[in-house]
């Protein structure tokens with residue numbers, strides 16, 4: 001992993017140096033530069049995702065399912081995420097089991113959190129329809145059910161026929177459709193339970209093969225000791241706080257909060273949740289470390305263009321002239 005670490009640190013150092021050159025070129029007095037430096041460094045630390053979770057920032061300017069816009073312009077965040085994900089996924093111990101852990105994680109999340117959450121919504125719909133309660137509440141719950149089931153059929157591991165979704169609206173809903181949804185959710189839970197057990201057996205078999213002799217067992221334990229990091233695992237799985245929510249409801253959809261390192265992104269424009277295992281660019285899936293390096297070097301090229309054309313210096317000069325005119329008036 002030496003090369004990957006060196007490349008990320010070199011890329012960030014390049015960014016810092018070119019940014020410093022832009023600042024030096026734009027300000028005449030050293031005191032202005034000294035005052036500006038903390039305003040550049042502190043956001044890189046606070047918004048990098050290391051010390052403060054994005055979930056704890058102002059919800060008005062963030063989305064629990066993705067990284068907020070101000071996190072997207074923080075170079076330190078792209079670098080930290082790149083190294084964190086790469087270190088967990090591709091270390092010599094975890095890379096043998098990552099694909100098994102990923103499938104197990106999705107199956108576990110769906111059967112233990114996603115299906116039960118939808119079953120609660122379904123039961124709520126039945127009760128609201130019986131009591132002829134608020135139309136808006138019924139519509140909201142039906143739309144959430146439709147959105148989640150449709151998304152599952154688009155992005156989920158296992159797809160089933162879902163013709164009943166066309167009736168998941170206030171005007172078309174009936175008991176027969178609710179029964180179909182109930183049967184669908186029960187079937188999903190059964191399928192994911194079976195998938196979880198099957199993958200768990202395969203993972204056990206792989207571990208048994210890697211520890212079949214005393215020599216292999218010794219190698220296995222040594223490799224785990226050398227490369228497995230419990231703190232890192234808790235961080236990328238978001239399990240440091242046992243009381244934190246595993247699934248939340250936000251803007252008419254359910255958002256997975258547990259195991260972000262195993263959760264697949266949906267956006268095709270390199271945008272994803274924090275600690276996503278890869279990023280999508282069109283139809284291409286790019287490992288997080290390489291996707292993030294692309295973004296960092298985009299920032300570097302942008303800063304180089306600003307420096308070459310002295311755009312920041314011209315902007316500061318024009319702003320100074322504009323301020324002087326206003327002050328005189």
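Cβ coordinates are placed from backbone N, Cα and C, and glycine is handled just like the others.
Quick look at what TrEMBL annotates:
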type	residues	note
DOMAIN	2-88	domain 'ABC-2 type transporter transmembrane'
TRANSMEM	6-24	transmembrane segment
TRANSMEM	31-54	transmembrane segment
TRANSMEM	289-312	transmembrane segment
TODO: Using a Cβ cut-off of under 8 Å, list the residues of the same chain at least 6 residues beyond the transmembrane segment (31-54) that approach it.
DONE: 19, 23-24, 62, 67-68, 70-71, 74-77, 80-81, 274
Task: Helix, strand and coil residues within the domain 'ABC-2 type transporter transmembrane' (2-88) as assigned by DSSP - done: 66 helix, 0 strand, 21 coil
